[in-house]
Amino acid sequence: VVRRRLLQRYEHQPFISCLAGFYSCRWKRYQRKRTEPGKCCCNMVTFCLSVVFLYTWGEGKNDYNGFDWYNYGNLGFWFLWSLVILIVASVLFAYTSLLLVLAMCLLAEGQQLYLHWSHKIGTFLVLGFTISSFFALSILWRDHRKTVRLSLQVTAPYLHIGAIAIMVLLSWPVALHAIRADKKVIQVIIIGPYLAILLFLFLIPLGMYSPCIREKGTLGPKPALIGHRGAPMLAPENTEMSFLKTIEHGGDGLETDVTISYDGVPFLMHDDTLRRTTNIHEVYPNETGKAASLFSWDSLQKLNAGTWFLKNKPFLGMGSLSKADQNQAMNQSIYTLSGFLRLADSHNKLVIFDLYRPPEKHPYRNLWIRKILDVILKETKIKRHLVLWLHNSVRAFVQSVAPGFQHTMGRKAPIEDLLKHNIVKLNLVYTDMSSEDIRKYAEANITTNLYVVNEPWLYSLAWCSGAHSVTTNAVHLLKDISQPLFLMTPRQYNIMWILTDLTSAFLISLIFAL
């Protein structure tokens, strides 16, 4: 600023001009001394990695419960580690974004970002955190990559608009540096990669695919909702209260896990032990590591299956419970299979359950299937078409003694094999979702259920892909979705794509011209 004013005011006086020139030389030396291009590039790389990690982890919210359960199994106590990682990732993204914005402002003025030593440490901490997190995810949570790929099927059109907007913002410093460059080669080095990336973004929609971009009238019916262990966001899992909450919110079916007590009573329990979902540490403190199936039913009846839920409610982040719900949760006990089936039958709800074989030396290790069938067929007499039979090892025996069950397979298989074994439904993990496979199975009258689907975007994708039903922890949330999110016709998407490209091309051309 001083140099410009001196030159404008005293342009005809040699001494003052020399002074201004000397100031300019001194200023350039000072700039060169403070310029650290390597740090600026490092900041850009760190920002990009933090963005990718935040998106990756944010879109994995559907599996946070599984991630926290995995940590519980290893650490021995329950805590929302997934939420902690999300908060840390958000803070680090905000920090790197601020540094990048400051860098762009300084670059626009012909300067470069000079990082204080504390920010250098901060940048490398962010870089280390994101790289180590990606490495850990690739080893411990490989299916997470499939979740991210699925998310791109619904978010890619909007990520495309965001990427184009970023390129428009970057056009100003790019144009400024290119024009200030003295050599043509440097200008080409600056503008060439920018234009290549821009052209790639302009054309990338040609390779995009989303089942939610479809013609009107081609969308199938809304997938039915099956409560995963009931409604575990609203009540203690696998308890009567949990299943009643699912029914109250309009769930179409109930899912649970069945094991058998030492004296032959089938009951509902997901974990191998009773530590997480009961107060066993208070009633039987010396037997917390003992398998649930090695307790007698009389012993199991003495345990409370609801107080753990109220203690962990602040960590679960699921909102507050009414006083009546709190009192009801405090009085929940371990639920029997017979009680579960009677409840489902009385409300005409589908049931699907995983069966856990008792350990060795258990008196019912070789009789457990027969005992469970006795409860289904003789004790409760539930309508047989409501039972989705999933267990595969004795399917032929079950078909002979209990005709009428809807036999369900837990993995993909050739259609011929499925029809041969009278399979009418597939129960697949949501990462195996494929609209093409779902359509082929549907043509053979084999419906598809996906589990566990909790997030609205994932439910929308399942709906657009043609899934018949989903197993979910969030019946109370998904029941209110009237149409898939991100649903649009090909014409609407083409208009959005072309307008985005034309508007951005005009703005970038205008900025370069200015």
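Glycine is treated like the rest: Cβ placed from N, Cα and C.
Keep in mind that TrEMBL annotations are predicted by a computer and have not been checked by a curator.
Record features, source TrEMBL:
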DOMAIN    223-482  domain 'GP-PDE'
TRANSMEM  40-58  transmembrane segment
TRANSMEM  78-109  transmembrane segment
TRANSMEM  121-141  transmembrane segment
TRANSMEM  156-176  transmembrane segment
TRANSMEM  188-209  transmembrane segment
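Long-range contacts of the transmembrane segment (40-58) within the same chain: residues 85-86, 89-90, 92-93, 96-97, 99-100, 103, 107, 112-113, 115, 123-124, 126-127, 130-131, 133-134, 137, 144, 148, each at least 6 residues beyond the stretch ends and with a Cβ under 8 Å from a Cβ of the stretch. Within its own chain, the transmembrane segment (121-141) is flanked in space by residues 39, 42-43, 45-46, 49-50, 52-53, 56-57, 60, 63, 67, 70, 85, 88-89, 92, 95-96, 99, 115, which lie at least six positions past its ends and keep a Cβ under 8 Å from the stretch.
Confidence over the domain 'GP-PDE' (223-482), given as mean pLDDT on the 0 to 100 scale, stands at 94.
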